[in-house]
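Asker: Attaching a single structure in structure tokens format; questions to follow.
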Amino acid sequence: MKLTCVVIVAMLLLTACQLITANDSRGTQKHRALRSDTKLSMSTRCKSTGASCRRTSYDCCTGSCRSGRCG
């Protein structure tokens, strides 16, 4: 009986901690696009600025292809 109560209290505390940290971190990521580009360049082989590209292939490290060149 005591063990069951301890487990229930522990689960309630862990759930409360997760909810508190989720509310605190809401809206704190300021540069989402920059972070996304950084992940893209680290996870795939990408083309550097000035290299030829196609808009449909998304292979530029910067994430943008303008007039056939990575920019």
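The backbone N, Cα and C atoms fix where each Cβ goes, glycine too.
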Asker: With reference to Swiss-Prot, specify which of the listed residues Cys5, Cys17, Cys46 is paired with Cys61 by a disulfide.
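Answerer: Partner cysteine, according to Swiss-Prot: Cys46.
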Asker: Whole-number Å distance between the CA of Cys60 (disulfide bond) and the CA of Cys46 (disulfide bond)?
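Answerer: Each residue's Cα considered, Cys60 (disulfide bond) and Cys46 (disulfide bond) end up 5 Å apart.
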